[in-house]
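K.L.:
Below are the features I grabbed from TrEMBL:
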COMPBIAS  1-15  compositional bias 'Basic and acidic residues'
REGION    1-187  region 'Disordered'
COMPBIAS  42-62  compositional bias 'Basic and acidic residues'
COMPBIAS  79-91  compositional bias 'Basic residues'
COMPBIAS  127-137  compositional bias 'Acidic residues'
COMPBIAS  141-154  compositional bias 'Polar residues'
COMPBIAS  158-180  compositional bias 'Acidic residues'
DOMAIN    249-278  domain 'DEAD-box RNA helicase Q'
MOTIF     249-278  motif 'Q motif'
DOMAIN    281-460  domain 'Helicase ATP-binding'
DOMAIN    485-643  domain 'Helicase C-terminal'
COMPBIAS  674-685  compositional bias 'Basic and acidic residues'
REGION    674-699  region 'Disordered'
Amino acid sequence: MDQSEKLKLRQEKLAKWKKQKQEQSQQQPPPQQAKDGSLANERLKRLEAWKKKKEKEKEKQVHQIKKNAPDQSQSSTSKSKKKTRNSKKRSAFGLSDDESNDELPIPKIFKPNDDEVEQEVSTNETGDIESDSDPLEEYIQQLNKRNNGQSTAISIPIEEDGSDTPSSVEEDEESDDDNNFGEFSSLNKNKKRIKPIDYSQVSDLIVLNKSLYREPNELSMMSEKEVGELRMSMDNIKVYGKDCPKPVTKWSQLGLSSDIMELITEELQFVTLTPIQSQAIPAIMLGRDVIGISKTGSGKTIAFLLPLVRQIKAQPPLRPGETGPIGLILTPTRELAVQIQEEMLKFSKGSNISSICCVGGSELKQQIAQVKKGVDVIVATPGRFIDLMTLNSGHLLSPTRISFVVMDEADRLFDLGFGPQVKQIMGCIRPDKQCVLFSATFPTKLKKFASHTLNDPIQISINSKSLINDNIEQRVQIFDEEHVKFEFLLKKLSDRFILHQDEDEKTIIFVSSQQLCDLLYDELLLNGITTFAIHAGKPSAERLQNLQKFKDTPNGILICTEVLSRGLNVPEVSLVIVYNAAKTVAQYVHTVGRTGRGINNGVALTFLMVDELASAYILVKCMKEKELSSLPMEVYQKLKEMNDEFSKGLKTGKYRLIQGFGGKGLEHLDELNESKHSQELREYSAEQNDEDDTQQEDRTLTKLEYVRGKKEEGNNVTYYAHININDLPQLARWEATKTETISSIKQETGCNFENKGRFYPEGHAPQSDADEPKLTLIVESNNETDISLALELLEVKVKEGVHKMAIKDMQSGKYRI
């Protein structure tokens, strides 16, 4: 069949189809197909114009084909090759079943007045060449099916609105699906897991020598009483655990190398040790696991860096091919990690010890390159360390050499949700590692972690009676409206700049959110006050840059969120403004701790709105009596009213205090304020001096009064002791019954403790059997020896309380010669 016969056949089919359409158009379409029929009629009109033009083009193409018949074979060959290359493309037209595949190729078909469709038809030309199927016939068949109520997709787009073709839409949808899948996959990848290591199968583990401290003779000769008095003089150091070494008083007692001693005394000019350093350094150098609880700015960083450097020097160096590290320091924030790395570089200067800071937001490629060379110490946030541990299927970094692990600001690690990551990291490190944990508070979740992870630890608590540094002056200002608070801030900063224009007195303003941080920055800038803003929403590089500018600018002002409430050490900060009052005790402690660093003095000023009752309650509990009494009368009265309202709400359940980081909390502060109040009553009482002298003598002779016995119930025998704590002096009673004392004695002896009765002041007693008995501490155990040991330990605590009262009375000047 030649081309002219084919054309004639098509024309007959077209005429037949037109006649059929005319008959159908006379019939009313069903209601459900009215819309489809209207659309089809509209398309038919366009099709008529298109077909006329096609017929003319076909006649020209047929004439051209006959003229170029000798070149037909070559054309077929080239088109056959083109067909092979594009066989996977979508076909704009279907295939006709009644036509042979060996007929001549169909001429190229163009859609009139539509460039986009023309391009699509051109790209699908090869689909036409695959067979001799008639695209017009295929289109008519599909249109017939559509008019007969069958939903059939039309392959050729004839709308002239230039809309996307189905293929392009499908490709876009597939692309979106791929993107969604990629995001889902990336989320799954973030949940990285460190491969566990069976250390029983590791044969080349290096034997650790963790005991690197020898007690000097001048300390070994001290009696237990002398050691107790020494710890009391060092901010009342409290130690829990067995065989804790005695605190050192001089750097020379630690047996440090000459270069470290020169660095400490000459370059850093650390003349004396802080309390946490005095007790923690010898304990860590002895190889013990240590928990250090101390307020901010107390020198905890040096307390673990010195033993770490010493242990690394005592171990064999990294072998060729070993990546290390030997020491691992985990921190909750990037800023704290950078600060520790800076201190580490000071102590490793001049030695072969290498260290690296690995935190999120920094260049991972550079960190990987350094790790491959081998590093002795890694200072990292938990997330970035897990990244390093899981790279290259866990073959980049091996934890088998890690023998010294430090968790700084451990309570913050768990408060920020790093608990599972820290546990995962600790689970892959060798079981005979040494762990050191430092924190400002010790919440319950941290206690549970320490009990499962640390091996027979020594707990060291410094200045547990107050978490606010003594050289920080606490102030408060109460406002009714926000704009009044901002105006007061403007005046405060302006006056401060005039007062200290020739000095370097820096200021930090803490706010509650990133949005408020940016807003306050803009408002101060509009009022001519230049500040530096930093919060977790800013890029890491910008945060470090702003922080450095703040340090370098005299009288600089930094606005930030709680991201810097821990670990930031800028000694020149003399004023902290808590623009949004703290909601937890721990948050307040760490916020105001950014000033008064070391031996410097500082001021912490809190801005309080009248409806922030919980914050007022926290301030009353944390502020010293002299600070409260120095407030303006109207401010003090308003603060007291807010505190009283919140206190009543706590009892009725109307209000609830957010626990925050945990720790000793407000119960301890209540006890502390009660003891201070009782002491003031004694100091300012109208009693005569001779009576006071008699009371003082009675205190020194105070002994524990108790009644011992046993109860038998069947075969069970319970031994008990009823201790009269009602008549003990206030501080002695508090020292013997506080939570730390009871917990330590309970852990040591296994006895159970219970309070019974109520407190009766001196000269008062129960009038009848119906009245509650005097305040009594009941101790019970199944072993009589445990009861005896518990009584001995309580006797020691009572003596400590009596000794404290004597010291306080002498310091107050009440007893003079």
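For all residues, glycine too, the Cβ spot is worked out from N, Cα and C.
Unlike curated records, TrEMBL annotations are generated automatically.
Situate these features within the shown structure.
P.N.:
Note: the compositional bias 'Basic and acidic residues' (1-15) comprises 13 helix, 0 strand, 2 coil (DSSP; helix = H, G, I, strand = E, B).
Applying DSSP to the domain 'DEAD-box RNA helicase Q' (249-278) sorts its residues as follows: 18 helix, 0 strand, 12 coil.
Confidence for the domain 'Helicase ATP-binding' (281-460), expressed as mean pLDDT, is 91.
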K.L.:
Near the domain 'DEAD-box RNA helicase Q' (249-278), which same-chain residues lie under 8 Å Cβ to Cβ, leaving out any that are not at least 6 residues past its ends?
P.N.:
213-214, 216, 218-219, 230, 234-235, 237, 285, 292, 294, 298-300, 302-303, 306, 309-310, 346-347, 349-351, 460, 462-463
K.L.:
Reported in the order helix, strand, coil, what are the DSSP residue counts of the compositional bias 'Basic and acidic residues' (42-62)?
P.N.:
21 helix, 0 strand, 0 coil
